[in-house]
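Report on the following structure.
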Amino acid sequence: MARSNESRPGESGPGCRLYLVTPPALEPARFAEDLARALDAGDVACVQLRLKDADEDAVRRACDALRPVAQSRDVAFLLNDRADLAVETGCDGAHLGQEDGDHEAARQLLGQGILGITCHGSRHLAMKAGELGADYVAFGAFFPTSTKTVEHHAEVELLQWWGEVMEVPAVAIGGITAANCAPLVRAGADFLAVVGAVWNHPEGPAAGVRGMNAAIAAAQAEGAAQP
Ligand SMILES: Cc1ncc(COP(=O)(O)OP(=O)(O)O)c(N)n1
Ligand SMILES: Cc1nc(C(=O)O)sc1CCOP(=O)(O)O
Ligand SMILES: [Mg+2]
């Protein structure tokens, strides 16, 4: 179950937490049940609705079906690509890429809402995002992914550097699984964003959440035990 006294993206908090991005296509009523099971299986800080091929009406319907599932569990619900629609539909915020419009205008539009910005593997983009008031910066892709064709890659050292110089939380994304996430956690990622590791888990999304939570906890325990 999501724990309400812990961090959401944009807040600093204890250790690293899981951030779920939805599958690229979904049927809202059916997926609402999968989402509820996933969120009830363990600790999740945030859900991002990411439907790249859906029209605006379909995105609105998906928001209406899924937002309450997350928010009723005190899990932040963000919309991908559209700050305006995020505000209109009652989302907690938006995640924007480098091609997703004017970030400063989005910051104004969202007010106190959460703004996350993709920064690929770039220190420069991340500094710019931090300066304009992003609540988190997202780095990736760290590993090969079959969810999306990626043009940019990020190195683990970037997370370490970011954590040493900046307060703004860092989200790591791209091909992250329970088996490969330990170095990202130890390097200081505040959140791990995943699609396949949860929604394509062979034993179902609940097992995916449990597996990611266990891997994060093990990496943190290992890090704490280092002299
Ligand atoms: C948490 C998180 N990080 C990165 C992305 C990628 O955003 P973007 O570069 O805009 O690409 P699309 O998601 O729009 O294909 C993300 N969505 N979430
Ligand atoms: C949506 C997205 N953005 C990325 C980036 O690198 O910016 S990688 C990615 C897909 C993440 O899915 P999975 O966990 O299945 O690899
Ligand atoms: Mg985008």
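Quick reminder: no glycine exception, Cβ is built from N, Cα and C everywhere.
Per TrEMBL, the features are as follows:
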- Gln48, Leu49, Arg50, Leu51, Lys52, Asn80, Thr118, Lys148: 4-amino-2-methyl-5-(diphosphooxymethyl)pyrimidine binding site (BINDING)
- Asp81, Asp100: Mg(2+) binding site (BINDING)
- 18-198: domain 'Thiamine phosphate synthase/TenI' (DOMAIN)
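Sequence features, as recorded in TrEMBL, placed on the structure.
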{"residue": "Gln48", "record": "4-amino-2-methyl-5-(diphosphooxymethyl)pyrimidine binding site", "DSSP (3 states)": "strand"}
{"residue": "Asn80", "record": "4-amino-2-methyl-5-(diphosphooxymethyl)pyrimidine binding site", "DSSP (3 states)": "strand"}
{"residue": "Asp100", "record": "Mg(2+) binding site", "DSSP (3 states)": "coil"}
{"residue": "Thr118", "record": "4-amino-2-methyl-5-(diphosphooxymethyl)pyrimidine binding site", "DSSP (3 states)": "strand"}
{"residue": "Lys148", "record": "4-amino-2-methyl-5-(diphosphooxymethyl)pyrimidine binding site", "DSSP (3 states)": "coil"}
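With respect to ligand 2, the binding-site residues Leu49, Lys52, Asn80, Asp81, Asp100, Lys148 contribute Lys148 as residues with a C-beta closer than 6 angstroms to one of its atoms, given in sequence order. Among Gln48, Leu49, Arg50, Leu51, Lys52, Asn80, Thr118, Lys148, the residues given in the record as binding 4-amino-2-methyl-5-(diphosphooxymethyl)pyrimidine, the maximal Cα to Cα distance rounds to 16 Å. Most Cβ neighbours within 10 Å among the binding-site residues Arg50, Lys52, Lys148: this distinction goes to Arg50. Sorted by the number of other CB atoms within 10 A, the binding-site residues Asp81, Asp100 start with Asp100, the lowest. Here the CA atom of Asp81 (Mg(2+) binding site) lies 9 Å from the CA atom of Lys52 (4-amino-2-methyl-5-(diphosphooxymethyl)pyrimidine binding site).
In this structure, the binding-site residues that sit close to ligand 3, with a C-beta under 6 angstroms from any of its atoms, are Asp81, Asp100, chosen from Leu49, Arg50, Leu51, Asp81, Asp100, Lys148. Counting only the Cα atoms, the space from Asn80 (4-amino-2-methyl-5-(diphosphooxymethyl)pyrimidine binding site) to Asp100 (Mg(2+) binding site) is about 9 angstrom. In this structure the alpha carbons, written CA, of Asp100 (Mg(2+) binding site) and Lys148 (4-amino-2-methyl-5-(diphosphooxymethyl)pyrimidine binding site) are 16 Å apart.
The candidate set comprises the binding-site residues Gln48, Asn80, Thr118. Of these, Gln48 has the most other Cβ atoms within 10 Å.
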